[in-house]
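To start, the structure itself, in structure tokens.
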Amino acid sequence: SSGQDMVSILQLVQNLMHGEEEEETSQAYRLQNVGEQGHMALLGHSLAAYISVLDRERLRKLTTRILSDTTLWLCRLFRYENGSAYYHEDDREGLLKICRLVIHTRYEDYTVEGFNVLYTKQPVIYISSAARTGLGQALCNQLGLPLSCMCRVPCNTMFGSQHQMDVALLDRLIKDDVESGKLPLLLVANAGTPGAGHTDKLGRLKELCEQYNMWLHVEGVNLATLALGYVSSSVLAATKCDSMTLTLGSWLGLPAVPAVTLYRHEDPSLSLAAGLTSSQPVEKLRALPLWLSLQYLGHDGIVERIKHASQLSQRLLENLKNLDFIKTSVEDELSSPVVVFKFFQEYSSRDQTSHAVQASTIQHPIISSERHLYDTFNQWLGEQLAQLVPASGVDVVELEHEGTCVRFSPLMTSAVLGTEIQDVDQLVDCLKLKIPVLTSTLQLREEFEQEVRRTVGLLYIEDLDWPGLGVVRYNYHSDRKNDDKQEKELEKINTELLKKLNELESDLTFSLGPEFGGQKNCVYIGMVTEDLDVSELVETIAATGREIEENSRLLENMTEVVRKGIQEAQLQLQKANEERLLEEGLLRQIPVVGSVLNWFSPFQASPKGRTFNLTAGSLESTESTYVSKAQGTGTTPPPTPTSSIAKQRLPGQKVFKRSLRSSDAFSETSSISHCEDLEKIDPRPPALSPGHEQGPLETEKTEEQEVAQATKTGTEDFQSEKSPNDCTKAEEQESLR
């Protein structure tokens, strides 16, 4: 209730920012390293708060100077003559204000009659289908317009870039709207689409807008290249548009600076009504962070940052041209600020014909599943590159025609992350290492599926969302009808199977799959290399699964046998007690009489017990135990079932790896030569094949050879007493025999 001091409040803010962790740990969670130019931008916010407490006249002069300077610098920097500027925090807010300005301009009575004017003649706003998601709906919600006022213009399908707006189709759509009594109001074009970074044909779009008296608004990352000395003609046409939105914070690496919308309009009263200008001096102080940052960087510093980002994208594009299985999607091979690429394996000439026939039907299941698989692999590739080279700023993007791709947009990330040429080279090196893994996994995936389907006890699970060799499940065969218990046994076996596979010394990764959306009770196998022995891998999985199942069944059977044995032992002991009562007689069961009778005439009865043999699963009498005074060991238990999957490997060779052909040839040659040497020095006849039987003549001949050999041995023993050399030869022959 009495308040807190400043130190306590600042300590609270620090705890909220970094948590209660140690200082070393909290340093890793900072978003970026704010440089001196970043401190200038952040200083602008605190200065704006201090300036707002000045007297009204001094505040008006200061804010007017700051706003006019910043607007003039930006218009000159981005070649936008005679423009005004609106500074806003949300990058969509500028377009929203422009829409209100156009409505006030085209509907003269809108200020008085409001929505009644719009009802009589419905406005139409045209947006490209390649625009950022949710932009049209956000505009309609803020303007209070129905979604029917928003028209999405498709992109090219036959000629030109598939990310550019179809101008001819747009012309037909505008004509249809005019004929139906609607009012074409505004067109939103892209100078760098959010996905692929392509630029619409702004020159033709401007002509079309002038023809139908429409407003042309342009936004996109490629507008940053207007500050360079050389600008492509497609982007240079943006300087003739009616308005454009610039996001300088990401382009120049400036934190917490507003976005800017430059526009041309002659009526300041309508601009004030639309909210593009304000009579409040404090609203004009939004430009102060940019005013400070632009002065700190200077013209050369701003151009250098944008030029550096363009050089990074060009460096990557040149390296990607020399890589196999990489397909790029750029608008201009010579100058493209955004580079989009994907992994794609070309088909052979024989397969191209069949795939061309299949491609005629877009919804063909083979084509759709194949594209889904490539999307999954490219998703994995983008995540791996972003993890290995975080300074590159690559991300994964979903495009309508290309599918999942990897995007490199240094204009949006390099200034913040500090991306250098070395980071691009490192990105290319990592990509070169990942391409063989992707190709090998894609080629061996079909072989793995065939091997699993041929193997008894394994079930192949088709999961196109898994970036790896495939998904397999060991099927638990049970005659029980209890599905819940069988499901638990299946989960237990596959979990133990996964544990056993991870204990092997291999380069493969085995897991339970993704955290969300994966199949249950399965083993997911990750990416592989070309030296993988698929048959050995499948055989190992099947054998290990059988071993786990047999061990589980052995335990279940032993439990059942023990239970039945106990019941049988109880019945036999009860029967033995009844027989003992008959032998002793009824008198011996009476307490006093029985004791006297036993004292005069003792009854000798051997103790009869039962022992349960776990090995044989049967009950046995304990008479032999009492006679021999020792417990019998019984028969030897059968060995525990183990998998016979051991394979001869070279020293240092891991599991599931194919051995080199040279090593195989060497080992095969050595074994053959070794066998030939043994045949030369071994005097014994060769062994018969398992299917060959000796006849009578061969038996007699063998017996004669044994007699002759024995006679020869006796002679050699007799001669060994005379000659040392003969003795040595005899010992050698004896040892060989």
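For all residues, glycine too, the Cβ spot is worked out from N, Cα and C.
Note on TrEMBL: of 503-530, 531-558, 559-586, the range annotated with the feature coiled coil is 559-586. Residues in the domain 'PDXDC1/PDXD2 second' (336-442) partition by DSSP class (helix H, G, I; strand E, B; coil) as 68 helix, 16 strand, 23 coil. When pLDDT is averaged over the domain 'PDXDC1/PDXD2 second' (336-442), the result is 83.
Helix, strand and coil content of the domain 'PDXDC1-like third' (448-553), in residues and according to DSSP, is 48 helix, 15 strand, 43 coil.
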